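Undergrad: I'd like to ask you about the structure that follows.
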Amino acid sequence: MNLVFLGPPGAGKGTIAKLLKEELNIAHISTGDLFRDNIKRETELGKRVKEILASGALVPDEVTIAMVDSRLKEDDAKGGYILDGFPRTVAQADALENMSSVDAVINFCLADEEILKRLSGRRVCKSTGRTYHIIYNPPKVEGIDDETGEALIQRDDDKEEAIKHRLEVYQTSTAPLIDYYTEKGLIIDLDCSGKPEDITRTLVEKLRK
Ligand code: ADP
Ligand code: AMP
C-alpha cells in the first residue's frame with residue numbers, strides 16, 4: 001500500500017508512521033528525516049539545505065523531488081510506503097504522479113492550539129532521531145534519551161519564530177493539496193487529537209474499508 005501523510009508540522013505524522021509501518025510492514029520515508037540525516041553527515045545536500053530547514057522554509061522543489069525519486073527506487077519502497085512530509089507543494093504532487101501510484105492520502109486534522117503545544121514540547125535525540133514530548137511522551141530521565149543516554153535537543157525549527165513561519169508555509173503551500181487530492185478521491189480525514197495507538201487503530205480500520 002502506498003500512502004501519503006499530509007498535515008501541518010507537529011500533527012503527529014512521524015509518530016503515527018512509526019506505528020503504522022510495523023502494522024503494515026511498509027517503508028517509512030520522511031523527507032524531513034532525510035534532510036536532517038544529510039545535514040548530520042555534512043553531505044553537499046546537507047550543506048545546501050541546513051539554513052533552509054532552520055528557518056522553517058521549504059527546500060526548493062527540484063531538490064526535494066530528486067531526493068524522493070531516488071529514495072522510491074530503493075528496494076524497501078517497492079513493497080509499499082508511507083511518504084511523510086512529501087508532497088508539500090502542488091509541483092511536488094504533480095511530480096509524484098509520474099513516479100508512483102498513491103493509494104490514499106491521510107489528512108492529519110488537529111486544532112492549531114494543540115499543534116503549537118506539540119511542536120513547542122517536541123524534543124529529539126540528534127543521533128537516532130527518536131522523538132519525545134516534554135509532557136505527552138517524556139523520556140524516563142528528563143532531557144536524556146532512553147536508549148543512547150544522550151542529551152535531547154529542541155530542533156531549531158521548533159523554536160518560536162520558525163514555528164510561526166512553518167505554519168504560514170503550510171497554509172500557503174501545502175494545505176491546497178487537500179483539495180488537490182480530494183478531487184482525485186484519495187483523501188482520508190484522520191482526527192489526530194487522541195492517543196497515538198488509538199489514532200493508528202482508527203487509521204488501519206479506515207484503510208481496510
Ligand atoms: P510531525 O511528524 O507531524 O511533525 P511528530 O510525530 O514529530 O509530528 O509529533 C510532534 C510532537 O507531538 C512530538 O513531540 C510527539 O511526541 C507529539 N505527539 C505526536 N502524536 C501525539 C499524540 N497523538 N498525542 C500527544 N502528543 C503527540
Ligand atoms: P519535517 O520533519 O517534515 O517537519 O520537515 C522539516 C523541514 O524539512 C521542513 O520545514 C522543510 O524545510 C524541509 N522539508 C521536508 N519535507 C519537505 C518537502 N516535501 N518540500 C520542501 N521542504 C521539505
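These residue numbers are counts, starting from 1, taken along the chain as shown.
Glycine is treated like the rest: Cβ placed from N, Cα and C.
This is the feature table in TrEMBL:
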BINDING   G10, A11, G12, K13, G14, T15, R122, T131, Y132, G194  ATP binding site
BINDING   T31, R36, A57, L58, V59, G85, F86, P87, R88, Q92, R155, R166  AMP binding site
DOMAIN    122-157  domain 'Adenylate kinase active site lid'
REGION    30-59  region 'NMP'
REGION    121-158  region 'LID'
Undergrad: Just to confirm my parser: what is the rounded mean pLDDT across the region 'LID' (121-158)?
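TA: Taking every residue in the region 'LID' (121-158) and averaging pLDDT yields 96.
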Undergrad: Taking helix as H, G and I and strand as E and B in DSSP, count the residues of the region 'NMP' (30-59) in helix, strand and coil.
TA: 22 helix, 1 strand, 7 coil
Undergrad: Where the criterion is a Cβ under 6 Å from an atom of ligand 2, which of the binding-site residues G14, F86, Y132 meet it?
TA: F86
Undergrad: Within a 10 Å radius of its Cβ, which of these binding-site residues (F86, Y132) has the fewest neighbouring Cβ atoms?
TA: Y132
Undergrad: Measuring Cα to Cα, tell me the gap between G10 (ATP binding site) and R155 (AMP binding site) in whole angstrom.
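TA: Cα-Cα distance, G10 (ATP binding site) to R155 (AMP binding site): 12 Å.
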Undergrad: Whole-number Å distance between the CA of F86 (AMP binding site) and the CA of Y132 (ATP binding site)?
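TA: Spelling it out, the Cα of F86 (AMP binding site) and the Cα of Y132 (ATP binding site) are 22 Å apart.
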Undergrad: When you measure from each Cβ to the nearest atom of ligand 1, which of the binding-site residues G10, G14, A57, F86, R122 fall under 6 angstroms?
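TA: Passing the 6 Å Cβ check against ligand 1: G10, G14, R122.
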Undergrad: Round to the nearest Å and give the CA-to-CA distance linking Y132 (ATP binding site) with R155 (AMP binding site).
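TA: Their Cα atoms are separated by 12 Å.
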Undergrad: Measuring Cα to Cα, tell me the gap between R122 (ATP binding site) and A57 (AMP binding site) in whole angstrom.
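TA: Per the Cα atoms, R122 (ATP binding site) and A57 (AMP binding site) stand 19 Å apart.
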Undergrad: Would you identify the secondary structure of G12 (ATP binding site) according to DSSP, in three states?
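TA: It is coil.
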Undergrad: Have a look around V59 (AMP binding site) and count the other CB atoms within 10 A of its CB, chains all included.
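TA: Looking across every protein chain shown, the total is 18.
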Undergrad: Please give me the CB contact count at 10 A for A57 (AMP binding site), counting all chains in the structure.
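TA: So the number of other Cβ atoms within 10 Å of A57 (AMP binding site) is 16.
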Undergrad: Quick one: Cα separation, R155 (AMP binding site) versus G14 (ATP binding site), in Å?
TA: 14
Undergrad: Sequence gap of 6 or more, C-beta under 8 Å: which same-chain residues meet both conditions with respect to G12 (ATP binding site)?
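TA: Listed in sequence order, they are F108, L110, R118, C192, P196, I199.
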